[in-house]
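Now, the feature entries from TrEMBL:
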| type | residues | note |
| --- | --- | --- |
| SIGNAL | 1-18 | signal peptide |
| DOMAIN | 44-238 | domain 'Neurotransmitter-gated ion-channel ligand-binding' |
| TRANSMEM | 239-258 | transmembrane segment |
| DOMAIN | 245-327 | domain 'Neurotransmitter-gated ion-channel transmembrane' |
| TRANSMEM | 270-288 | transmembrane segment |
| TRANSMEM | 300-325 | transmembrane segment |
| TRANSMEM | 415-436 | transmembrane segment |
Amino acid sequence: MSALRTLAFLALIGIASSQTSDCSYGGLLNYLNLTSTNNVLEITRPVKNWTTPTLVHLDMLLYGILEVDEKSQTVTSHIWFQMRWQNEFLTWNSSDFCGIDMLTIPRSRLWIPDVTIQEDASDSGSIQNSPLITLIPSGSVLAKGIQRLTFTCQMNLFLFPFDIQHCSITFTSMNYNGETLKLATTTSDTTLTSISERIMITHGEWQLKTIEVFNYTPTQDNKSEIKLVYMIKIMRKPMLYVINLIIPLLYFLVLDLASFFINEARGEKLSFKVTILLSISVLLLILQDMLPSTEVNLPIIATYSVTIFTLVGISVLEAILVSFLMELDDYCGKKTQSSVKTQVEIQLEADYHQEHVEVEEKGQVNPVPLNSQSDHNLLRLILEEVKAARQEAGSQDKDKRKPGRYKRLAEITDSVFFVLYLLTVIIFLIYMYILWCENCIANDNH
């Protein structure tokens, strides 16, 4: 009988408890004192003992790299972030409220950590915080948001376009020090990098290498500051610049070397070199729009381009000198040849007229036979033929005559300059390759 009474009593207690349990969100809000304005929960850090620090777990994912501006040293990206902290006043037992294990309320109803990004250069309109925050029975509060973030990044463009940039996104608090607010992350570096690579929407010309997370507490005025740093390592995709800039410059340099085999007599060599120089200047203008003017050390590609431009410019000056010596030799040769021809023609004319006068004097004493007059006419015709033959032979042997001293000097100058030019180009290209390799290795180990 006593056992039956006990079972009946327990059944009545179960029925009573089931009738008193509230399965609505309103009952839970009443229990948590959130139905009316609660200024204490809105304006103060949610701890029962003020010496207890609030630990904020902050996770950030990179959705995309939208733009990298080398001139202004900024990076525009699309990020997603989540903050989780403990509110000691908002805990409940989910079994008392029909298993409710999550509750969403407006952001304005609770205290939110004032976590900001130190390198942020974007406007406030780019931040899209969720209007709601999530409560968990253990007292954990979750706040999420997305942002089109433009942040400053000190870039090292020495290896452009094979550069790797290390940009940091530093989360810190403007009002709380390291003793009252602490920042940490719940996800490892490898997981953050893997998830970001998987969900990334756009890369542009950049590729995400790694995301590293660490925190440090610098001290200022005997007060520690808490900072959580996301170090983002991105690498540029260089293929576009290699095809449009580096290889064309190398081709122009090879063409300038090949131009030494062009015949100088027609004057095509100089015009060809000037065309190459103008083409390189156009590529330098394109490079000027890419690189900032704030770099302390000249980037390797700038040294590469300017050196090629200088080498081709010196080659053009050498071609001008050789062309001048060639023309000077032609001028001196024509002048000498014309003076020799004039003397020969004068001598022939003098001999002819002397013989003609002697014949006339003899003709006055003794009449000249008819066949003698025909001999004189024949001699005159022969003289005319000799003149014509000499003129034709002079025009044909114009280019076959023995070169003068200026032409020999031009040939020696051109040969010596070609050897020195070729050696300079080879040494320059080897030096640029070694310099690039050394800095790439150092940058990878950084």
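Glycine is treated like the rest: Cβ placed from N, Cα and C.
All annotation found in TrEMBL is predicted automatically rather than curated by experts.
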Chain residues in Cβ proximity to the transmembrane segment (239-258) (below 8 Å; excluding those fewer than six residues from its ends, i.e. six or more beyond): 160-161, 205, 273, 276, 279-280, 283, 286-287, 301, 304-305, 308, 311-312, 315, 421-422, 425
Model confidence over the domain 'Neurotransmitter-gated ion-channel ligand-binding' (44-238), averaged pLDDT: 89
Same-chain residues at least 6 beyond the ends of the transmembrane segment (300-325) whose Cβ lies under 8 Å from its Cβ atoms: 158-161, 241, 245-246, 249-250, 252-253, 256, 259, 264, 267, 269-270, 273-274, 276-277, 280-281, 283-284, 287, 291, 406-407, 409-410, 413-414, 417, 421, 424-425, 428, 432, 435-436, 439
For the domain 'Neurotransmitter-gated ion-channel transmembrane' (245-327), residues assigned helix / strand / coil by DSSP: 68 helix, 0 strand, 15 coil
